[in-house]
Amino acid sequence: MGAYRMWVELKMEKDFTFKLLFVVLFLGVFVAGGFCLEDADSDAVVYIVTLKQAPVSHLYGEEFRVKGHHHHNSKNHGSGNVSRLDKPSHISHKHAHNASSTSRMHNSLLRKVLRGEKYLKLYSYHYLINGFAVLVTPQQAFKLANTREVSNVALDFSVRTATTHTPQFLGLPLGAWAQEGGYETAGEGIVIGFIDTGIDPTHPSFSDNTPERHYPVPQHFSGICEVTRDFPSGSCNRKLVGARHFAASAITRGIFNTSQDYASPFDGDGHGTHTASVAAGNHGISVVVAGHHFGDASGMAPRAHVAVYKALYKSFGGFAADVVAAIDQAAQDGVDIINLSITPNRRPPGVATFFNPIDMALLSAVKAGIFVVQAAGNTGPSPKSVSSFSPWIFTVGASTHDRVYSNSIVLGNNITIPGVGLAPGTDSMYTLVMASHALNDTAANDMYVGECQDASSFNQTVVQGNLLVCSYSVRFVLGLSTIKQALETAKNLSAAGVVFCMDPFVIGFQINPTPMRLPGIIIPSANDSKILLQYYNSSLDQDEVTKKITRFGAVASISGGLKANFSLSAPNVLFYSARGPDPEDSFLDDADILKPNLVAPGNLIWAAWSSGGMDSVEFEGEDFAMMSGTSMAAPHVAGLAALIKQKFPNLSTAAIGSALSTTASLSDKYGGPILAQRSYANPDSNQSPATPFDMGSGFVNATAALDPGLIFDTGYSDYMSFLCGINGSAPMVRNYTGESCGASTMSGTDLNLPSITISKLNQSRTVQRTLINIAANETYVVGWSAPYGASIKVTPARFFVACGQQQVLNVDFNATMNNSSPSFGRIGLFGNQGHVINIPLSVIVKISYNTTNS
């Protein structure tokens, strides 16, 4: 299978250049699934077309969002009916008419431009953007791009998916929850929308069975629940208040697998069920995996409501056209928060990374008052690896938390080797038997037989009652062999347990604890595995003539890995968590925006799992799974944002982000600096203090975020001025928003964000920040540390600010040397009522005044 990309520049009428990135795939045979596409042109692909006329949300604003909305017209994105439970009676007929009339207008435009030609419209977008997704040829896309009503044509692109203890680690039971009445009310009245792989509605994490307390569906939410064979009537309730799926773009490509992907909101992957329960899963749900109990689970906002917009799928990931449709629907339904544990597969091309259909749809969502959380991506630890770009999106990286699971094996020579595995231990020493030494006479000549995938290859008499030693090769990484199948082999052979030794060719792969019903351990280090094998080989007795083994002399015992250990050094930034600086464009120029915004727990997170989840074979059939990634970090913040929204319902989206950022922790539990892992191989041995490009403002502090004291606010007009300030951006701003750039522009540095990032400090610069006091009257003292190669001064150095009043800070930067390495500092505001405001400073290129040349 080959592929190439080709840039084509299309000259538009109003003297600007429009670019289309054509991706041509040689797929052999194109098979259309779900559509009758025999007559479609072979070079037809999906484009997202934006029109100049403003979308509904820009016309009606917040009043429209709150009073209720209809779903947009779309073709083939869902095959289900509507559940009566989630079809609100307060939907306006006027707004339903707007949706249908917009769709008719889109149809009319396509007929006019593509007279008599074949095309297939997939979606009509009308709420956040006015446009549609359509399957057409590049020549037809050219015609659409040159049509007076059309402002932008973008090629569809692919996207991908990027707890029992974390509430305690974040201090929720005695902190944020306790402040607001306990877990019984935490997040009540807030709807979190998840753009993900769907949900398993039968999971107890999403039950509404709370007879002791009234639990109404929020009046401002007007979503619906699809009804299909996979998602029957009654799947939604007062907890799970809406569920839909979007797959039209995938179906047109012929890659939709109905047996794996489910043409319904049901989660065939597991990822979406997991993220939804991290943010808003019910409190006190018992976590039982492989027959072992691991505690009780809770989401961050256990009384928040869940709305699901499935746009990602197990077999292929997802596509922007479907994701934009899901975002448009979520905003239209009236969600308060959107969680995106997904990132694009490539950096958006063009003038700036911010100009892509997903980010621009999210800008309209923010304008409508929706707080947007996105995973930073799992492409760290290299610089500029972050995959969430825009300042209106709250980007979350991943950190450790203080709970770890580990076990060990003690050899007969008293050497102890550490390992991983959610498994019971042995009660005594047992004989070790290598799989390759236990083959029966009829075993096939299989070079992978040592991976213990087929019980029929082994002599049960040799294995029975002993510890079976299996090889862990790269085939386990690729999913060709599984721990689960090896355990089944050991069980069928009546082994006392299983030991997995690491193949020396598996370098740097991080192995998560895996559930095992038998005593077992995975030795993740090739060097430690070599120590075990040396002991094993030295303990064998062999016949000198036949070379057959006459006695297995090596013995060992396995310590159980079911009990958690707790570390004081957490949190640390994980090696895979994507890093800043924020790339402004495909040339990797630096944006004056801090990314990520902060970090949250993302490693080894217990949360709900779908009964049909196939994303991790080791957790198939389980109700819970332990997963890692920035995908797990983002919903922690989405849930905490629900708590802030509940306490401060009138805070803007930027103010919610400010409350989370300025209160973030800068130290670990022991009081030392937060460390960042710097390499994929041996990450714990390659750590150094984290910078703002690793962790943003720091590690999320749930309790402090509910009482931030001062907040920074930024609005839609500021984001527009920022976009207009990018060189050559005016056509793209007009294309995506329908608005023209005026005289007012600003750089990213001048956005009123709770951080200051300067990609290029040319001698000196003054930056202003405006703060608003949302607490009682307070006097603040200002302190700071300057980035290396620069000096700073903040005025005023002391100020009093009354409740509801503003205070302007002036920050003067001066370069003291020529330097192109990023350096970092901080401004701290210390209030006499206990509030502490943290403002990270990042300066990349410093150019000082050159006295010699002058």
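Any Cβ shown, glycine's included, is placed from N, Cα and C.
Among the features that TrEMBL reports, domain 'Inhibitor I9' is placed at 46-161. According to TrEMBL, the feature region 'Disordered' maps to 69-104. Taken from TrEMBL, the feature active site, charge relay system covers D196, H271, S631. Positions annotated as domain 'Subtilisin-like protease fibronectin type-III' by TrEMBL: 750-843.
The two recorded residues, S631 (active site, charge relay system) and H271 (active site, charge relay system), have Cα atoms 8 Å apart. Per DSSP, the secondary structure of the domain 'Subtilisin-like protease fibronectin type-III' (750-843) breaks down as 1 helix, 63 strand, 30 coil. A gap of 7 Å separates the Cα atoms of D196 (active site, charge relay system) and H271 (active site, charge relay system). Neighbour count (other Cβ atoms within 10 Å of the Cβ, all protein chains): 30 for S631 (active site, charge relay system). Note on D196 (active site, charge relay system): other Cβ atoms within 10 Å of its Cβ, all shown chains, come to 28.
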